Amino acid sequence: MTQKIIIFDTTLRDGEQSLKMSLSVKKKLKIAFALEKLGVDVIEAGFPISSPGDFESVKKISERIKDAKICSLARCIDGDIDIAAKAMKKANSFRIHIFLGTSALHVQSKLKKTFDQIIDMMVSSVKRAQKYTDDVEFSCEDAGRTSLDDLCRIIELAIDLGVKTINIPDTVGYTIPYEFSNIISSIYKKVPNIDKAIISVHCHDDLGMAVANSISAIQVGARQIEGTITGVGERAGNAALEEILMAIKIRKDILNFKTNIKYQEIYSTCRVISSICNIPVPVNKAIIGSNAFSHSSGIHQDGILKDKKTYEIIVPESIGFVSQPLNLTSRSGRAAVKYRMKKIGYKDSDYNIDILYSRFLKLADKKGRVSDSDLKQLVCFNNKLKNLKD
């Protein structure tokens with residue numbers, strides 16, 4: 001049976017942490033509307049205690065968004081939880097997301113606590129959050145470097161308290177896929193009440209493993225993925241949701257999952273967020289880069305002209321991307337030149353392909369990319385020479 005993966009977007013919270021300046025309420029609302037249109041299940045709208053501006057943004061988003069659950073982050077501090085609930089009180093549906101460091105490094109060096117004290121803080125904060133909603137998510141910060149015994153202990157207690165979602169973050173992007181999937185598998189084996197909660201994952205990209213780690217986690221039981229559009233996020237960024245979503249869609253033979261995502265909105269959503277956040281999309285970015293569906297090799301262009309599936313595993317239009325003409329460069333073959341000539345209105349009898357292609361290569365070597373206008377001029381020049389000879 002195909003199982004659903006919950007898509008939890010944290011572009012407005014974790015993603016914004018990568019920006020040099022805070023986004024205005026108006027810009028955050030625009031992003032939230034784009035995410036709602038995309039079809040994400042949960043929008044983590046912000047961290048309300050962090051600033052009056054963030055509180056106002058979460059409040060406005062909670063009032064306006066109707067088709068996605070709104071979530072706010074809070075530390076295991078009563079004041080944080082109270083403010084998070086206050087910001088979301090007009091939401092159709094909301095979740096309070098509390099987090100606490102669980103690795104020895106975080107417990108001892110950052111929090112200056114014992115693990116028993118961490119347990120007590122979690123218990124108190126879960127109960128506090130449950131005064132406002134029965135939808136509470138608990139994150140074991142730095143789970144990737146937390147001992148398995150400690151991790152399973154705190155997870156079991158949180159689920160006993162009624163926590164519905166347990167998030168396993170690879171906070172500093174430390175793990176590799178085999179290791180991260182083993183953590184998730186071990187949680188399922190060692191936590192007796194695990195069937196009463198959803199396991200979520202939240203991966204960072206410090207070693208370039210965020211997407212791979214997220215995919216490896218759902219293969220062994222995780223049912224919520226947290227990430228950001230374009231992978232924007234603190235340091236090296238978060239798991240890029242568009243990459244995860246397309247992996248699920250394209251590799252259904254291995255990843256037998258479904259989501260609520262409207263795939264045709266992926267490209268426009270990414271471009272909207274890139275523009276608002278003023279973060280350019282690299283040309284070779286998977287799924288949404290300007291080169292993602294371009295082909296310059298003559299062999300590849302010939303294959304594409306015969307059957308696009310030879311070199312494209314994604315139909316560009318399926319994500320809302322309008323296919324671009326083949327780029328004609330010195331690497332292009334005769335087939336690509338003939339195809340382009342036909343597209344701009346020429347018949348094979350209008351020109352000699354051998355002569356045209358020879359001149360095309362010389363021009364391409366000089367200027368790089370050859371345009372439709374260039375091709376027309378080459379034909380015109382060739383015809384003039386022919387007339388002179390005649």
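Cβ atoms here come from the backbone N, Cα and C positions, even for glycine.
It should be emphasised that the depicted structure is a prediction, and the values quoted were computed from it without experimental measurement.
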For the Mn(2+) site that Swiss-Prot lists with His202, His204, Asn238, give the additional residue from the candidates Asp9, Asp14. Asp14
Hey, for the Mn(2+) site built from Asp14, His202, His204, Asn238, who else sits with CB inside 8 A of the CB center? Thr10, Pro169, Thr171, Cys203, Asp205, Ala210, Glu226, Gly227, Thr228, Gly233, Glu234, Gly237, Ala239
Proximal but sequence-remote residues of the same chain as His202 (Mn(2+) binding site) (Cβ under 8 Å, at least 6 apart): Thr10, Asp14, Ser139, Asn167, Ile168, Pro169, Asp170, Thr171, Glu226, Gly227, Asn238, Ala239
Which value does the mean pLDDT take for the domain 'Pyruvate carboxyltransferase' (5-267) in this predicted structure? 97
Indicate whether Asp14 (Mn(2+) binding site) is helix, strand or coil by DSSP. helix
